[in-house]
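Asks: Next up is a structure, given as structure tokens.
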């Protein structure tokens with residue numbers, strides 16, 4: 001009995017083609033398909049069943065030749081199976097059976113793959129094409145889930161790890177889940193194994209060919225999923241126990257790091273970057289950390305530090321650091337109420353001590369300011385929260401006009417002594433709470449500093465129209481008084497200035513104690529304060545030394561009653577000096593040094609006004625631009641000093657032999673060379689500075705050339721370069737002025753959020769009752785700890801003495817103590833074991849303990865962030881990803897329909913055969929009846 005032939009397509013059309021060539025490839029495949037079918041869609045020639053291929057080899061070769069001919073005629077290249085020019089390896093040539101198998105796996109021919117896996121027992125499922133890809137990799141690359149599931153059921157399947165990486169890179173979630181269900185991932189160790197580690201195990205789990213996988217050797221599945229921002233895949237891998245190990249410190253000298261650095265330093269650096277790319281991925285940050293805000297902030301700072309260390313990868317690390325900062329800003333942007341904003345800014349408040357006076361501690365915001373996450377600090381949600389804290393206990397003042405606020409500031413400045421008295425007497429009263437508010441503290445300190453500047457101005461007011469005493473004159477109040485006693489003594493105005501300076505020194509000491517020396521020196525404004533106060537202190541000390549020496553001389557005169565008029569007697573040298581006019585003083589006189597230092601300190605004091613300028617929207621950006629300009633000037637000074645010193649020494653060497661032989665003293669000494677070249681920058685030096693009175697034209701011409709080159713280099717080149725740098729910095733500030741200003745204002749505000757510094761200078765010198773109470777409480781706590789420590793020490797000594805006595809009398813009689821000791825030892829071991837177990841189960845506490853409020857809020861925010869990221873990704877890939885998926889579905893459906901059609905053809909042929917047999921039997925039955 002004959003059987004209807006079954007039609008099998010060798011290689012069907014695929015819509016998963018190279019970009020831009022999909023239509024042509026489909027047309028060629030459809031053309032070949034119609035060659036095997038008749039006009040009515042039925043097979044022209046009978047084909048043998050599966051597993052019987054030798055008789056069909058000639059037809060296969062003919063079809064392959066025709067396919068290649070058609071493709072060449074269409075003007076495109078097709079990556080054919082078998083040897084190629086670049087990959088000509090005859091030892092791995094494929095049989096017709098293997099080629100058919102790989103074709104079916106690549107183009108989604110599910111029926112062919114299923115039947116070949118079931119019926120072809122000699123089939124090598126790990127056979128590879130000319131590119132070294134096996135059937136599993138081809139099926140995964142073309143998103144054929146059903147074929148992938150069929151192949152994963154086979155034992156000894158190779159390249160499973162590479163197939164997983166490929167599925168992750170393409171974002172095929174269902175295929176990733178199918179591969180993760182493979183027995184190779186049952187223990188989870190494979191998820192933490194990179195291709196390089198797999199090579200050490202000498203297996204083909206990740207093997208691609210002799211050159212390695214298509215992915216980097218140090219990339220694990222979780223790292224690749226994080227790189228590709230595949231949130232669902234990252235979540236799946238994290239549930240399987242996969243984690244990204246943080247790289248060791250850059251300067252780590254452990255054995256592992258030393259070997260990697262010695263073996264291949266470039267590969268070691270790239271592996272670090274790949275790991276940090278995974279750690280800085282928003283997908284990994286949002287799904288792996290219990291506190292993603294804290295993790296992202298610390299990681300951004302770590303990456304910024306690495307950018308300054310590894311200069312060759314600076315751009316990569318900076319990009320990753322900015323990615324972490326953008327992640328934090330994205331979370332803050334998704335907040336919908338004040339509770340969520342406070343959770344991000346404060347962190348886990350339940351595990352931390354509350355802020356001062358019930359004020360939020362803003363621990364995360366402190367970290368953001370420290371790491372200069374400017375967009376986070378300048379975000380409207382953050383600024384609104386800061387503004388509410390800034391006007392604490394003065395909410396009505398927030399909506400007032402600028403005129404009303406100015407009147408409040410003026411009233412505080414005038415009534416500052418009375419407000420300080422109220423706070424001393426009743427620090428916990430309503431007025432005391434208002435004075436502890438950040439805004440009132442800022443106003444009080446600003447008013448105090450303004451008064452200090454006013455004192456500096458008033459101290460010099462008596463000399464505005466010129467001094468009444470010339471430098472060569474002396475003046476005294478009586479005949480027995482030395483002139484220096486009148487000039488070196490401190491006036492009442494200077495005593496007020498000294499009290500302000502002492503108060504500021506005390507405030508800085510408290511700040512150093514609170515912040516620590518490292519944090520204190522990190523702020524540049526603190527360095528300015530330190531320099532200003534140090535110069536003031538040095539000036540006053542020098543002034544006091546001058547007054548002390550003058551007082552000693554005056555005491556000698558006061559002890560001698562015979563000296564009635566100092567102008568009519570001859571004084572000793574040790575006394576006479578202190579009665580001389582100013583022009584006869586020594587250059588190193590303490591009073592002269594004091595006056596010079598005082599002038600510098602006054603300049604620095606007025607420059608300190610720039611600290612409070614960020615509080616104003618108009619002056620804040622200007623102050624920021626000024627600060628950036630100062631930084632540019634310091635950078636410029638390196639090149640400037642190098643060029644300046646070169647010409648200064650050169651011109652000095654040229655003219656140092658002509659002292660007295662020039663029209664002026666320029667360049668004859670190092671000092672004159674410095675003055676001449678410095679003022680030449682501003683066009684204030686004369687050309688005749690290089691002229692010699694004698695006929696030494698060679699030296700003079702060289703001087704002209706060097707002086708001209710100096711002016712061209714300094715004035716035309718370097719100064720214009722400095723102007724360009726300043727202009728560029730100003731433009732950067734101007735382009736992002738709002739963010740820069742809000743960040744600077746937040747730093748200013750934050751300095752007044754901390755506890756303390758309520759009373760401004762100089763009222764802070766008087767200790768308040770609250771400060772005395774806190775001091776007594778701290779002293780009491782310290783004494784209790786000291787006494788408790790002594791008691792514990794006495795108990796330990798007593799136990800030690802008891803044990804020593806037991807050893808003397810023998811241990812046999814103390815079985816109870818031994819049993820107690822053994823029980824204590826067992827209890828200690830149990831405690832150690834339980835503590836170890838608790839540390840290992842730290843990440844599982846969320847399952848056993850109820851989640852805290854902070855965890856609930858972060859969970860909500862992370863959900864919103866992930867959903868928003870998925871929506872953005874889908875909108876970006878709507879034209880590309882969905883189209884590819886549709887193509888693959890159509891391709892698989894096509895083969896299924898062809899298989900169903902072939903099966904229906906067989907059934908129809910069987911029915912026709914049976915019908916023919918019945919029709920042929922009917923005449924015979926009629927004849928037999930007759």
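Just so you know, glycine gets a Cβ as well, placed from its N, Cα and C.
Not my notes, these are from Swiss-Prot:
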type	residues	note
CARBOHYD	560	N-linked glycosylation site
REGION	1-27	region 'Disordered'
REPEAT	96-125	repeat 'ANK 1'
REPEAT	131-160	repeat 'ANK 2'
REPEAT	217-246	repeat 'ANK 4'
TOPO_DOM	1-437	topological domain 'Cytoplasmic'
TOPO_DOM	459-486	topological domain 'Extracellular'
TOPO_DOM	508-520	topological domain 'Cytoplasmic'
TOPO_DOM	542-591	topological domain 'Extracellular'
TOPO_DOM	613-635	topological domain 'Cytoplasmic'
TOPO_DOM	657-705	topological domain 'Extracellular'
TOPO_DOM	727-930	topological domain 'Cytoplasmic'
TRANSMEM	438-458	transmembrane segment
TRANSMEM	487-507	transmembrane segment
TRANSMEM	521-541	transmembrane segment
TRANSMEM	592-612	transmembrane segment
TRANSMEM	636-656	transmembrane segment
TRANSMEM	706-726	transmembrane segment
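Help me see these features in their spatial surroundings.
Replies: A coil conformation is recorded for residue 560 (N-linked glycosylation site) in the three-state DSSP classification, outside any helix or strand.
According to DSSP, the secondary structure content of the repeat 'ANK 1' (96-125) in residues is 22 helix, 0 strand, 8 coil.
In the repeat 'ANK 2' (131-160), helix, strand and coil residues by DSSP number 16 helix, 1 strand, 13 coil.
In the repeat 'ANK 4' (217-246), the DSSP tally of helix, strand and coil residues is 16 helix, 0 strand, 14 coil.
Model confidence over the topological domain 'Extracellular' (459-486) stands at 76, taken as the mean pLDDT rounded to a whole number.
Here the topological domain 'Cytoplasmic' (508-520) has, by DSSP, the following mix of helix, strand and coil residues: 12 helix, 0 strand, 1 coil.
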Asks: With a Cβ cut-off under 8 Å, give me the same-chain residues at least six positions beyond the ends of the transmembrane segment (487-507) that come close to it.
Replies: 448, 451-452, 455-456, 458-459, 529, 533, 536-537, 540, 543, 546-547, 550, 582, 591, 757, 761-765
Asks: If you draw a 10 Å sphere on the Cβ of residue 560 (N-linked glycosylation site), how many other Cβ atoms land inside?
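Replies: There are 11 such Cβ atoms around residue 560 (N-linked glycosylation site).
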Asks: Is the topological domain 'Cytoplasmic' (508-520) packed against any residues at least 6 beyond its ends, judged by a Cβ distance under 8 Å, and which are they?
Replies: 526, 529-530, 533, 754, 756-757
Asks: Which sequence-distant residues neighbour the topological domain 'Extracellular' (459-486)? Criterion: at least 6 residues beyond either end, Cβ under 8 Å.
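Replies: Sequence-remote neighbours of the topological domain 'Extracellular' (459-486) are 493-494, 497, 546-547, 549-551, 553-554, 557-558, 563-567, 575, 578-583, 591.
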Asks: So if I exclude everything within five residues of the ends of the repeat 'ANK 4' (217-246), which remaining residues of that chain have a CB under 8 angstroms from its CBs? That is, six or more out.
Replies: 161, 164-165, 168-169, 171, 173, 176-177, 180, 185, 188, 191-196, 199, 267, 270-271, 274-275, 277-279, 281-284, 286-288, 866, 869-870, 873
Asks: Over the span of the topological domain 'Cytoplasmic' (613-635), count residues by DSSP class, listing helix, strand and coil in order.
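Replies: Summed by class, the stretch gives 19 helix, 0 strand, 4 coil.
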